[in-house]
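Features of the protein shown, as given by TrEMBL:
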- Cys156-Cys192: disulfide bond (DISULFID)
- Cys328-Cys365: disulfide bond (DISULFID)
- 215-354: domain 'Lysosome-associated membrane glycoprotein 2-like luminal' (DOMAIN)
- 374-404: domain 'Lysosome-associated membrane glycoprotein 2-like transmembrane' (DOMAIN)
- 1-28: signal peptide (SIGNAL)
- 372-395: transmembrane segment (TRANSMEM)
Amino acid sequence: MVCFRLAPVPGSGFLLLCLVLGAVSSYALELNLTDSSNATCLYAKWQMNFTIRYETTDKHNKTVPISDLGAATYNGSFCGDDQNGPKIAVQFGSGFSWIVNFTKEAASPSTYLVDTISFSYNTNDNKTFPDAKEKEVFTVNNRVALKIPLNDIFRCNSLSTLENRDVVQHYWDVHVQAFVQNGTVSTTEFLCDKDKTVTTAVPIVPTTLPSPTKPVVGSYSVVNSNGTCLLATMGLQLNITHDKVASVFNINPNTTNATGSCQPQTALLRLSSSNIKYLDFVFAVKNENRFYLKEVNVSMILVNGSVYSISNTNLSYWDAPLGSSYMCNKEQTVSVSGAFQINTFDLRVQPFSVTEGKYSTAQDCSADDDNFLVPIAVGAALAGVLILVLLAYFIGLKRHHAGYEQF
């Protein structure tokens, strides 16, 4: 854990920030805000990432994940005073800004509100939005109005999602107390509704051995206003290595929910269950005539209650022509990272151009194997022909010499 003690923020005392570094593709923060007497006035610890959709210059919609937020500043974070409530302000990257405001209600002095959350992004950032049609700063505001007991610390390990216009915000492992009393963070937790139900979930049991059974094959789909826009059929087995312990987990389609979205250039299939906050498969179009699996994001609860999250936005699997489906009945492995792989069984997927809710003609992964077999077969055939020609030549030559001897 790397900790920074920053210069005083006017009216807020000192800001102590601890950035947890790890393999997860998200933003893990721990914030201890102190007042002028060096007493803790606000405490927060959370993880978050974002997905932004924008229009490109060629009038297509593109979705970009913001999960590696890099170095951040915290100008404007504030303990609060008689006129204004506490505020957490985070700035990162090229023009990203995230702010959460807290308020007290005079009618309810024993509680406070997580009032509003605002997120701003700048499409002038050519690295993140290289082909954005509109180059400007966009801001989305979300009214949260979450009521929390004044003397409790709010906890929500489960995934929370805010969607507003073209921005989806994800939060998890959230711990916050905005009005810390007497400089001491409370040990009494106020749980979000999802965490109240998570306690009954069956944890993922780590093992050093592969799962003895093949996963059950499930059928998943995504529906938009035009009908079914994405189809997927597959058995899924997750392989995780965490703290030097290997775990294998078969996804049960009977207890798994499927959601997602379909855009002209991208499509998302999101799976979730009691242990899996989200398992995202993001597909993209390339060269205007083919699709492929471009990205996988996962966040899941491990046996010790911690959240394991990882993302890879630069994959290249399941490549097939637009208007067709991709199929592979044999076992395949999608390597998301060295510590996380997905084994697929009896796979068939079509993320674009679904007609009448049915799969189109499939491109089979065995065709990839055939591509290697063809030159081998052709070479073997040519070698056989050459051998026959040589045999015929030597036999003819021998008979020719025999005829001379008899004469």
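Just so it is clear, glycine is given a Cβ too, placed from its N, Cα and C backbone atoms.
Curation does not apply to TrEMBL; its annotations are automatic.
Within 10 Å of the C-beta of Cys192 (disulfide bond) there are 17 other C-beta atoms, taking all protein chains into account. Take the disulfide-bonded residues Cys156, Cys328, Cys365: by the count of other Cβ atoms within 10 Å of each Cβ, the lowest one is Cys365. Cys328 (disulfide bond) is 41 Å away from Cys192 (disulfide bond) when you measure Cα to Cα. Secondary structure of the domain 'Lysosome-associated membrane glycoprotein 2-like luminal' (215-354) per DSSP, as helix, strand and coil residue counts: 3 helix, 99 strand, 38 coil.
The two recorded residues Cys156 (disulfide bond) and Cys365 (disulfide bond) have their Cα atoms spaced 42 Å from each other.
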